[in-house]
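Record features (TrEMBL):
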| type | residues | note |
| --- | --- | --- |
| DOMAIN | 41-287 | domain 'G-protein coupled receptors family 1 profile' |
| TRANSMEM | 31-50 | transmembrane segment |
| TRANSMEM | 59-78 | transmembrane segment |
| TRANSMEM | 98-120 | transmembrane segment |
| TRANSMEM | 141-164 | transmembrane segment |
| TRANSMEM | 205-228 | transmembrane segment |
| TRANSMEM | 240-260 | transmembrane segment |
| TRANSMEM | 272-289 | transmembrane segment |
Amino acid sequence: MEETNQSVVSQFIFQGLCNAKELQVFLSLPFFLLYLMTVVGNLFVVLLIITDRHLHSPMYFLLANLSFIDCCLSSVTTPKLITDFKKDNKTISFGGCMSQILCVHFFGGGEMVLLVTMAYDRYVAICKPLHYSSIMDRQKCIWLVLISWIVGFVHAMSQLLLILELPFCGPRVVDSFFCDIPLVLKLACMDTETLESIINADSGVLATTCFILLLISYTYILLTVCLHAKEGAPKALSTCTSHITVVVLFFGPCIFIYLWPINITWVDKFLAVFYTVITPVLNPAIYTLRNKDIRNAIKKRMSSCGFKE
């Protein structure tokens with residue numbers, strides 16, 4: 001008898017965020033508005049940085065890439081969540097499920113490395129300002145961004161290959177609103193304890209390494225600013241505060257889900273919503289509200305369009 005993953009289980013069923021039909025209908029509009037704000041906000045930041053020559057610097061080049069990744073990360077899960085709010089039978093094909101896993105870890109892993117790159121950029125700008133233009137030249141910035149995409153892709157493929165050939169013969173109910181490895185592993189028709197440890201180690205090494213590098217970078221930056229920098233210290237501190245806020249918002253839920261699982265369903269769902277839906281919409285707001293150059297670029301753009309303050 002020939003059985004493969006896709007012939008045994010051709011689709012999975014999502015439990016969704018909640019069971020109450022009325023609540024699901026009520027939530028569809030807020031989540032649609034959040035997703036719309038995510039797409040519009042992040043794409044606006046990208047276009048603003050591309051079109052405003054005053055923002056053609058390494059920091060804003062990296063910020064544009066972060067906004068693009070946030071837009072992609074949210075688009076992997078949120079549209080499906082919104083359409084499922086109106087469905088009684090929330091299904092996803094086997095291929096669609098594996099694609100979600102691949103894309104979430106691709107964009108998530110890429111964002112982790114990109115945040116480290118942004119921390120390195122701030123380290124050079126604040127701690128070695130005289131050498132900034134020579135260290136963070138255009139070619140190096142492009143390579144740093146490419147490395148973040150490559151690391152994200154390698155991480156995602158390593159995760160996917162470990163679970164792609166697992167036997168799935170039922171049950172097929174995923175107690176969430178999107179496919180993620182910890183939940184899908186529970187549905188495999190075999191003991192996955194060893195595999196789960198390998199996958200957690202894979203994610204753990206990437207997340208922990210990036211988080212430690214970020215902690216070291218921003219600690220060194222803040223010490224340098226406090227001890228040596230006099231002029232420009234408020235601007236440097238404001239920029240670092242924005243970066244640190246984004247780091248905490250992104251890494252916090254990831255640590256609880258992958259490195260320190262608490263196995264409480266509603267908490268896991270809340271954390272999943274936070275890093276796939278909430279964080280991508282907060283990032284452009286954090287940067288635009290705290291960054292003077294971005295605010296000035298927005299004002300100039302509004303003035304050119306005929307809007308007055």
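Cβ atoms are placed via backbone N, Cα and C, with glycine included.
What TrEMBL says about a protein is an automatic prediction, not a curated fact.
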Please report, as numbers and ranges, the same-chain residues at least 6 past the borders of the transmembrane segment (272-289) whose CB is under 8 Å from any CB of it. 17, 31, 34-35, 37-38, 41-42, 44-45, 63, 66-67, 70-71, 73-74, 76-78, 81, 104, 108, 176-178, 180, 242, 245-246, 249-250, 252-254, 257, 295, 298
Tertiary contacts of the transmembrane segment (59-78), as residues 6+ beyond its ends and Cβ separation under 8 Å: 31, 34-35, 38-39, 41-43, 45-46, 49-50, 100, 103-104, 107-108, 110-111, 114-115, 117-118, 121-122, 125, 141, 144-145, 148, 177-178, 239, 246, 276-277, 279-281, 283-284, 287, 293
If you count Cβ pairs under 8 Å, which stretch among 31-50, 205-228, 240-260 touches the transmembrane segment (98-120) the most? 205-228
Would you mind giving the whole-number mean pLDDT across the domain 'G-protein coupled receptors family 1 profile' (41-287)? 86
